[in-house]
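Asks: As listed in TrEMBL for this protein:
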TRANSMEM  A:56-76  transmembrane segment
TRANSMEM  A:88-109  transmembrane segment
TRANSMEM  A:115-133  transmembrane segment
TRANSMEM  A:145-165  transmembrane segment
TRANSMEM  A:190-212  transmembrane segment
TRANSMEM  A:233-254  transmembrane segment
TRANSMEM  A:274-293  transmembrane segment
TRANSMEM  A:305-323  transmembrane segment
Amino acid sequence: MRKRLAGLLLVVVLLLVTVALSIAVGSRFIPLGDVLDALGGSGDPDDVLTVREMRIPRTVLGIVAGAALGLSGALMQSLTRNPLADPGIFGINLGAAAGVVLAITIFGITAPAGYVWFAFLGSVLAMLVVYGASAGRAGTNPARLALAGIAVQFALAGVVQALQLSDRGALDQMRFWVVGSLANRETDTLWSLAPFFVGGILLSLVLARSLNALALGDDTARALGAGVGTTRVLVLVAVTVLCGAATAACGPLAFVGLMVPHIVRSFTGPDQRWVLPFSMLLAPVVLLGADVLGRVLARPSELQVGIVMDVIGGIVFIAIVRARRVVHL
Amino acid sequence: MTTTSSSARVGNAFRTVPPRSFLITLGMAVALLVAAGFTLTTGDFAVPVGDVVTAVVGQAPPAAEFVVNTLRLPRLLVAILAGAGLGVAGAVMQSLSRNPLGSPDMIGFSMGAATGGIAAILLTASGTVGTSIGAVVGGFVTALVILLLVGRHGLNGYRLVLVGVGISTVLMAVNGYLLTRAILGDAQRAIAWQVGNLSGRNWEHVTLLAIAVAVLVPLVLAFNRRMSMLELGDDTATALGVGVLATRLVPLLASIGLVAAAISMAGPIPFVALAGPHLARRLTRHPGPNVLPAAMMGALLTVASDFAAQHALPVQLPVGIVTSVIGGVYLVALLIVQRRSRRA
């Protein structure tokens, strides 16, 4: 208990530090004093614009999307009893991407509040295919999960590219979205997606107790009074809403949901009542940290957070695969 | 009795070809000819079969000769050669790793070659030869890194594939980074190459690929029998008088060369190296690497996919997009079928 409370304090401090860094540090250098002035609204108008109109919305988006992705990663790993479960590996992100591209090219829908429904639909379909192909009696097999995920990603990436190539206007609209980035997203997007984020987060936190019961096996869970089928469906709903909204807002971001729950479990243990809230707080630290890193590394331009996450995440993925006898889990 | 018959087979290379494999390979060759006929005759400018034949020989109407000899024939030949090379490479890698998923796509080798090629296009602004060298170097370095990460005993398990997936992800991000840093023209060229593209191939591409295939495929074929024995296990193979190290190394290097050649001329066309040998083995029902059937199936898949890419939709697509979609669906179907059969 003391370890968990200390961990909680640490994570909160880390979150505050990354938020401060995300506001203070950028590809355009602004001295710290000027940043503080700009926050208050005084000082150089350029700095005020950069800090208040660009860095703050970007940071808020990072917090919300990070929380959503971290939570969904934890939910999926718990539900599938699979250490490799992640929205990216599950093909959910590309499913959402395919849905969005379809909405733009075929139906001409350009507002995020409109195409988010297509993102949901695409992510549900991708998730069901991958889950179906990898599930067995005792959860999902990690290797089959990764394979099915890769296969679905190849197929969907082909569809997305084909649609983009067939419609130049759509390509232009999609270009900035498809990389996976927190930059230059409109504030309206965030507001129109806010209900989904809030709903998904609340639903996930409510599910913690049932997931704990489910971890003991289906029969024990039933004996403890948890609805096994209902819990599974609700988890899938929460994951879809969270990932779909995060993807609609930032484009496809992989691996946040993979690594955060691993770090969290190392000091909270398997209790979902701790794992879920911790993942929700730590994931924004990772996502914002990667975003700040991308801004600093490639000065004077910047590296999209999707690219930074893929490099870090790929290495972590290999480490997890090598560290455990994944196949026998 | 079985030992005498197998040692008799060792004595006569021709008698090792079972009739079923022979018939299947012949059937695929016929199918390939038909597909080639469709490819050469169909398009915005339809060329009758008779004109195609005379164009290849050299006395057709000028328009037909231009369309066939300059536009369609080189593209078709690159598709056949690249597909065959990928099929052979996949067959060798799957046989040596004793892993049906141990193909160059799944172990990150293709992605490494792609990264090398893109880096060559973007950083040195080089042409076909430079791209090839970049692809070969990129592929070799990636293969080396993966082997080091997997370790000696991980070759025939899922770990090989999973590490490959991880490496592919990192390399994909590197490719994305390289593309964002490039000037627009170079980036467009690299993107068109990156998805696996056969449009605008000329006789230079055909010649380079043909040399690689003509040298490396016979080399692999010479090891066909020894690789089948290696599939029985290292000890058995040694007892049968097979040099284990050479049987691993020579075909592996040859197939790395084939993948690099195919990728540098046609871009990384996904799944041909995975699905080609797989399908060939299912059809022949014969153990061993099945080098020739795999080559034929690889060529057939690539030619058919390129035909679909050109004519199935109102827009022309790069062939890599078609094989990516078909291959992805194929792999998912394979996993679902496997799961069903294991449960039963």
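One is the number of the first residue shown, and numbering goes on along the chain from there.
Backbone N, Cα and C define each Cβ position, glycine as well.
Buried or exposed, and what's around them? Tell me for each listed feature.
Replies: Counting residues 6+ beyond its ends, the transmembrane segment (A:115-133) has Cβ neighbours under 8 Å at 80, 90-100, 102-104, 107, 109, 140, 144-145, 148-149, 151-152, 156, 192-193, 196, 236, 239-241, 243-245, 247-248 in the same chain.
Residues 61, 64-65, 68-69, 71-72, 75-76, 78-79, 86-89, 92-94, 96-97, 100, 112, 115-116, 119-120, 122-124, 127, 177-182, 185, 189-190, 193, 196-197, 199-201, 203-204, 207, 210-211, 287, 305-306, 309-310, 313 of the same chain lie 6 or more positions beyond the ends of the transmembrane segment (A:233-254) yet place their CB under 8 Å from a CB of it.
Residues 4, 7-8, 11-12, 14-15, 18-19, 21-22, 25, 58-59, 62-67, 69-71, 73-75, 78, 182, 201, 204-205, 207-208, 253, 256-257, 259-261, 263-265, 268, 303, 305, 308-309, 312 of the same chain sit 6 or more residues outside the transmembrane segment (A:274-293) yet have a Cβ under 8 Å from a Cβ within it.
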Asks: With pairs closer than 6 in sequence left out, are the transmembrane segment (A:190-212) and the transmembrane segment (A:56-76) joined by 3 or more CB pairs under 8 Å?
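Replies: Contact between the transmembrane segment (A:190-212) and the transmembrane segment (A:56-76): present, because at least 3 Cβ pairs are under 8 Å.
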